[in-house]
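Step one of this worksheet: look at the structure below.
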């Protein structure tokens, strides 16, 4: 580790546009977390800056981690891909054990640590991406086969999904499934295998929704939130009110009203609603633009990577950021049922922010020394 840190550090070697977007999103997220949470924090913790202080600590630790990670040769993660996947499996099991896993609103998604709640599903996302990149690189010539190229990934995915649904965490489960399928498709897996797996999975998804009261309520709230405006439809209705009140230019930073105990999870999953109310359509468009640039740069890094492992590692991270951002934005605007997915870099939460910044560090290391080609061009090698 010390040898890595002693190496000459040349910032110009890395993708500075990607770095700028991440710094901007993280910094803006800290400001909005304070704006969205100060009143609630003052009431519940007698400290309006309670969540601000914690998010600042998470951001500082995450930035230090990203700075270290961006200087570690990404090839190192090839050796750690399988061990880290096993670690994620162990963590997903531990979170289900009473006394170790902490329950919040009926879901066991966190492992209680001193001063911090670890969310294993966030760690699992990056661990699975590393494993997928490592395995795809290892079996490139067999990726189009069913028994050797497709089914092993489905077995791993099913184990992870089973543990996630046991928590339950449908949002993380669907995210992992989408990332896996997209990476396999990009690797050359036959489309018939993917479509077939989707047809097999569909009855199980329907069963999980129909036989779960809270999931069924979420679907009903998505289809017609006004049917129960003071119950299950309350959150999405208040979110829409926030966007409507913001108009084009917003009410002004800190001047939003929905965060005053009207909009649940205002500083976490629904932070974009607060941004929409306080900074308006312009503010939301700026956020969407920054995410677009971030994902675009990550895709360019994937295209320009010098080896298959680096290419799919960058691709997986790019897809993860894209899915999380798009799904979160769709949920808060009422286009998707609520899923419990954080908005990367912006929502309050230590696990999400730390893992996101760690993933950015990996992307930056892959980008070091690359000539990044435009998305419409050929791979730069």
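Placement of Cβ uses the backbone N, Cα and C atoms for every residue, glycine included.
Looking at 145-165, 229-249, 250-270, the stretch flagged in Swiss-Prot as transmembrane segment turns out to be 145-165. From the options 106-126, 274-294, the stretch Swiss-Prot describes as transmembrane segment is 274-294.
With respect to Cβ pairs under 8 Å, the transmembrane segment (312-332) is most closely packed against 168-188, considering the stretches 16-36, 56-76, 168-188, 191-211.
Of the Cβ pairs linking the transmembrane segment (343-363) with the transmembrane segment (80-100) and spaced 6 or more residues apart, fewer than 3 are under 8 Å, so the two regions do not touch. Between the transmembrane segment (16-36) and the transmembrane segment (274-294) there are 3 or more Cβ pairs closer than 8 Å, counting only residues 6 or more apart in sequence, so the two stretches are in contact. With a threshold of 8 Å between CB atoms, the same-chain residues lying at least 6 positions outside the transmembrane segment (56-76) that come near it are 1, 4-5, 7, 9, 14, 22, 26, 29-30, 309-310, 313, 349-350, 353-354, 356-358, 360-362, 364-366, 368. Listed as Cβ neighbours of the transmembrane segment (80-100) (distance under 8 Å, sequence separation of 6 or more from its ends, same chain) are residues 108-112, 118, 120-121, 123-124, 127-128, 130-131, 133-135, 156, 159-160, 163-164, 166-167.
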